[in-house]
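Quick look at what TrEMBL annotates:
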DOMAIN    13-169  domain 'CEP76 C2'
DOMAIN    274-404  domain 'CEP76/DRC7 peptidase-like'
DOMAIN    432-569  domain 'Centrosomal protein of 76 kDa C-terminal'
């Protein structure tokens, strides 16, 4: 046994009145995709792995680990085993309580490329209770991590795990007792799922008997997650409170819109494959499809006390899409587009009225709606047409919406009903220092402007005061994106007029990104004729300005605002 593998627990502060599982990932092997990768040279940037751990409301993250066939991981996580019931949570969990804690440890492995691209390598729900039957409440084992999506049956690598119960339990269970408990839970869940499937089939049959055309409506009762597990769509939504990290429903919509959007491509080109991702894996990757955005936004709006539902339907070009709807007590219907944070008030039009002119037509991009759902309810569109513009959202009206039994939904999606399905993780605060990253990005862009102009044979003079004066404009743009209200424009315009002498011209170009990659941002800006004109500005007394303001949101999502400006003497 090599010295590096000798068990040496790390010193951590442990409350002696609580019980913990110390969960260590020692090393990895057989990550065959990286078999050709040699160790990076010091200072060389390489792609890296990050392990994210979620267990009973606790979230942890490993340091970045350089990708390799046998990555050196050596990370430990102290997971607290607290009781559920109020008043009991402060007591130490005894043996029988621990045996009944069915929550798995969710291990998410993310790979980050040198470009900043992130991939979900593996999403594993690990059964930790085997440690209760091991001698001395300590055990080590090899865990094979499977891929995700189309590769969910393909191993992506193996990790060596060590677990220890702290403090040790006075009562030890036999392996047969632990195995019997786990098996009992699985069979109970399987039976609940079977009964729900029987109910859903019957419900669907009744729905089709109403109108044959219902066969073609987007009524999505089940969805596949990243491990190709089929689950009722209701299980992807749970009321989620943002704690002190989000101030309002509109802040929640802004946050969700800043998480990157990516369709899951099927292998060998072709159309996208549909894959819904568990919220924890979606947040760790900071990227996902429209369904992931919509279920997260719906969960956050429910947390803010709104009557919110995910809508499944199509967009104007017929592409399948998911968005969110909220219905107020007065019956006001608002659509929330989770990919950009836009809100649209919906007023159904009379299908028999003459066609409307373009000015009065609805502004939202949705064409049809097949069903709406949240954690408690599921409604299929029962109206003669599934076109959104004529759709009424009085969900309690059975003639317009066919509802599923709430008891049936709760039998599989209620608290504790399906322990192998994940719970909603809490949001993590941003670890970014806004001033630091804003400054860093601004310096990089200055260098890029300088080099770009030098290649054109132009000199570059930056005006620090002009750059600083752009700050209020960026703050106003972000405020408007969050609240829909613009403020402070008069002062900004006045300050610019004061700073630009008579006979001089001012030009400005603002743009927002959800990444912090200076090269990508600069390349995008140069594609805009207005911005290119500013950066390539020639003439007398040319002074340039650039200002960057990074607005951090939870989960390291960011709104990165950049403004380029120039002032120069106008030649008549």
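Yeah, the Cβs are placed from backbone N, Cα and C, and that goes for glycine too.
The shown structure was predicted, so the numbers you read here are calculated from the model rather than taken from an experiment.
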Secondary structure content of the domain 'Centrosomal protein of 76 kDa C-terminal' (432-569), with strand meaning DSSP E or B: 71 helix, 36 strand, 31 coil
DSSP-derived helix, strand and coil totals, residue by residue, for the domain 'CEP76/DRC7 peptidase-like' (274-404): 27 helix, 42 strand, 62 coil
Local confidence of the domain 'CEP76/DRC7 peptidase-like' (274-404) - pLDDT mean: 92
